[in-house]
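Peer 1: Have a look at the structure that comes next, please.
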Amino acid sequence: MAERKYFGTDGVRGKVGSYPITPDFVLKLGWAAGKVLATQGTGKVLIGKDTRISGYMLESALEAGLAAAGLSAAFTGPMPTPAIAYLTRTFRSEAGIVISASHNPFYDNGIKFFSAQGTKLPDDVEEAIEAMLEQPMDCVESAKLGRASRINDAAGRYIEFCKSTFPAHLSLDKYKIVVDCANGATYHIAPNVMRELGAEVIEIGTQPDGMNINENCGATDIKALQNKVLETKADIGLAYDGDGDRLIMVDHFGNKVDGDQILFIIAREALRSGNLKGGVVGTLMSNMSLELALKQLGIPFVRANVGDRYVLEKMQEYNWILGGENSGHIIIADKNTTGDGVIASLAVLAAMVQHKLSLNELASAVKLFPQVLINVRFAGGANPLESDAVKAVATEVEKQLAGKGRILLRKSGTEPLIRVMVECEDAELAQLSAEKIAEAVRSN
């Protein structure tokens, strides 16, 4: 794979107004993508965004670039990332574009692309777009310029799609649900989905103003959700991130239920109903208790690198349909082609209704092991993880933890840092083990 200049693991991302998230660059990105994608046929590209104020500027720039390349843009307005994956498929579009920086603050933004199949663009297509960006920009003749249109019923279409994944014979009419939409793209989706399935819904984080996305709310900050669940005596709390591809839950006691526990609940339910195809993909950061709980059920488990892109790649490699991260990206591949917070929450709610069990009862099978994380800074040069002394200490700790825990040592890709992670049933042993390894790293 060629070295990337602009595309990271999740498209092009950065601070608004700083290269490359500038109007002129994004216009050219729209043009370059249009030139590469225009070979497909339908001539239309879907553009969705989250609720950041910069989304207006960036969608206009993309539209101009696409039009110059001869492609038409169809705008959905604020829409979750997984909704764009779904709508791109149903509209038979050349591609889908999402303007979002996910869980980042409002002053960041990004551009990511979906293929006509609703999956991330293949590497060779991203590389072709990067190569096109190096060419001088031109414009098709006037008669071939693209147009712009708006899909007025995009939200309704996606709401119906989400509801179609919930068993028709079940209802949420006995449930009180607090929904936190992070003042992001699910603000007009998730509350309506839950209400239309019968739930009593209490909303927080559903008043976007362009600048309050992810601010003290959503999947990355659940304190307000926990308080509201307890205050209103709700059955469950749901927290999405700014673009709706992550889910974190809160039980009726106010306890956090993370992505590992959510993944287990969905996997066990799929196994019971005979819909689990193969096993489950987690990441290097997935809690060991998830692995052990799945093992007890006879469900295979493999770890991918951190990042939903890598989870999906591993799922495709094994031809499995379920994967996710502890951060709350949950991919149910027979329902959508990317992580989908709303659909993941419906899968858990269906299990609650079906078995008349609380979220707390469903999640109790995965008692998360304490994780201790220590970041150790080192002087540039040799990688301390290659030192014999560090390897010896790591091996000794692994023997002590045998079967009861695990260690993960990683060098940061962006800073001179070694990340030491120790996970163990015994919190004190985890802390002592992590400090022992960190000390060995510092001494080398």
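Cβ coordinates are placed from backbone N, Cα and C, and glycine is handled just like the others.
Per Swiss-Prot, the feature active site, phosphoserine intermediate maps to SER102. For SER102, ASP241, ASP243, ASP245, the entry in Swiss-Prot reads Mg(2+) binding site, with the evidence type sequence analysis. Residues or ranges marked as phosphoserine by Swiss-Prot on the basis of sequence analysis: SER102.
Quick one: how deep are these features, and who are their neighbours?
Peer 2: The C-beta environment of SER102 (active site, phosphoserine intermediate), restricted to residues of the same chain at least 6 apart in sequence and closer than 8 Å, consists of ASP10, ASP50, THR81, GLY110, ASP241, GLY242, ASP243, ASP245, ARG246.
Around the Cβ of ASP245 (Mg(2+) binding site), 32 further Cβ atoms fall within 10 Å across all displayed protein chains.
In the three-state DSSP reading, SER102 (active site, phosphoserine intermediate) counts as coil.
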Peer 1: Using an 8 Å cut-off from the Cβ centroid of SER102, ASP241, ASP243, ASP245, can you name the remaining same-chain residues around the Mg(2+) site, in sequence order?
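Peer 2: Once SER102, ASP241, ASP243, ASP245 are set aside, the remaining close residues are ASP50, PRO80, THR81, SER100, HIS103, GLY184, ALA185, ALA219, TYR240, GLY242, GLY244, ARG246, GLY339, GLY341.
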Peer 1: Suppose we draw a 10 Å sphere around the Cβ of ASP243 (Mg(2+) binding site). How many other Cβ atoms does it contain, all chains included?
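Peer 2: The answer is 35 other Cβ atoms.
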Peer 1: Around the C-beta of ASP241 (Mg(2+) binding site), how many further C-beta atoms are within 10 angstroms, looking at every protein chain?
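Peer 2: Summing over all protein chains shown, ASP241 (Mg(2+) binding site) has 34 other Cβ atoms within 10 Å.
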